[in-house]
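Participant: Reproduced below are the annotations present in TrEMBL:
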BINDING   21, 208  Mg(2+) binding site
ACT_SITE  21  active site
BINDING   22-26, 34, 38, 66-68, 70, 72, 189, 195-197  substrate binding site
ACT_SITE  69  active site, proton acceptor
Ligand code: FPP
């Protein structure tokens, strides 16, 4: 089935989040080391960013490294860092040409200096782009994000920048890493896991969930279009009738 041809182009979700999961299992199925799965998964990042861009999606948020991923073996972490450097380096020109803004969710300064340098450069060089926001979650946790926002709000209250009575959802959202992105419409999790895993906890409030058994390295443009197609069949009520 070609799902792209079924899409209602006037009802494309503005903001999609993806938990990129299943790289390890993809490699294991082929008798390959896990790092091959991460490499194949990274190639899919490139394809899905391009597809999202072509579909006029305003914001795409990808879970690339969680605060819990530090528990993995050093060798696997190093491989992920290498891939990050490689992809930021090789894709940056195209990202700039496509007017895509890169934004990082999480404290990426805890990464090795070479990664920090590449990412900082990408953030600086795309900061005024506005066709699409590519949010990359790196050393990210949803609970951490909420705690961080709360601390920053308290600081601003103490400085007299805002008043306690002013704090509402809009103000709170402005302290989250995604403050420049529209509200999250759709969360996609491939690989058969039915969990949120500390991703975008605040932003998920009214998002539609799409779970798929396809492993991330097999998740292609048609899979993305299938998720959007199913999103378009849903009736979102936002608490109303
Ligand atoms: C989950 O699969 C995937 C990750 C922890 C890393 C995701 C990272 C990438 C796709 C590559 C780097 C990102 C960019 C932006 C180039 P898993 O290892 O948990 O798989 P498993 O559940 O099958 O073991």
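Placement of Cβ uses the backbone N, Cα and C atoms for every residue, glycine included.
In TrEMBL, annotation is done automatically, which means it is predicted and not curated.
What you are looking at is a predicted structure, and each value in this text was computed from that prediction instead of being measured.
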Participant: Identify which of the following binding-site residues, namely 21, 22, 38, 67, 208, place a Cβ less than 6 Å away from any atom of ligand 1, and list them by sequence position.
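Facilitator: Only 21, 22, 38 meet the Cβ criterion.
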Participant: Return the member of 21, 69, 208 nearest to residue 189 (substrate binding site) in space, with distance defined Cα to Cα and candidates limited to these recorded positions.
Facilitator: 21
Participant: With every protein chain in view, how many other Cβ atoms are within 10 Å of the Cβ of residue 21 (Mg(2+) binding site)?
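Facilitator: Its Cβ has 21 other Cβ atoms within 10 Å.
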Participant: Can you tell me whether DSSP puts residue 196 (substrate binding site) in helix, strand or coil?
Facilitator: coil
Participant: Taking every protein chain shown into account, which of the binding-site residues 26, 70 has the largest tally of Cβ atoms within 10 Å of its Cβ?
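Facilitator: Highest number of other Cβ atoms within 10 Å: 26.
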Participant: Three-state secondary structure of residue 26 (substrate binding site) from DSSP?
Facilitator: helix
Participant: List the residues of the same chain that sit at least 6 positions away from residue 24 (substrate binding site) in sequence and have their Cβ under 8 Å from its Cβ, in sequence order, or write 'none'.
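Facilitator: For residue 24 (substrate binding site), the qualifying residues are 34, 37.
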Participant: If you draw a 10 Å sphere on the Cβ of residue 67 (substrate binding site), how many other Cβ atoms land inside?
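Facilitator: Around residue 67 (substrate binding site), other Cβ atoms within 10 Å: 19.
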Participant: Rounded to a whole number, how many Å is the Cα of residue 26 (substrate binding site) away from the Cα of residue 208 (Mg(2+) binding site)?
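Facilitator: Between the Cα atoms of residue 26 (substrate binding site) and residue 208 (Mg(2+) binding site), the distance comes to 26 Å.
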Participant: When you measure from the Cβ of residue 22 (substrate binding site), which residues in the chain that are at least 6 apart have a Cβ under 8 Å away?
Facilitator: 37, 41, 190, 191, 192, 214, 215, 216, 217
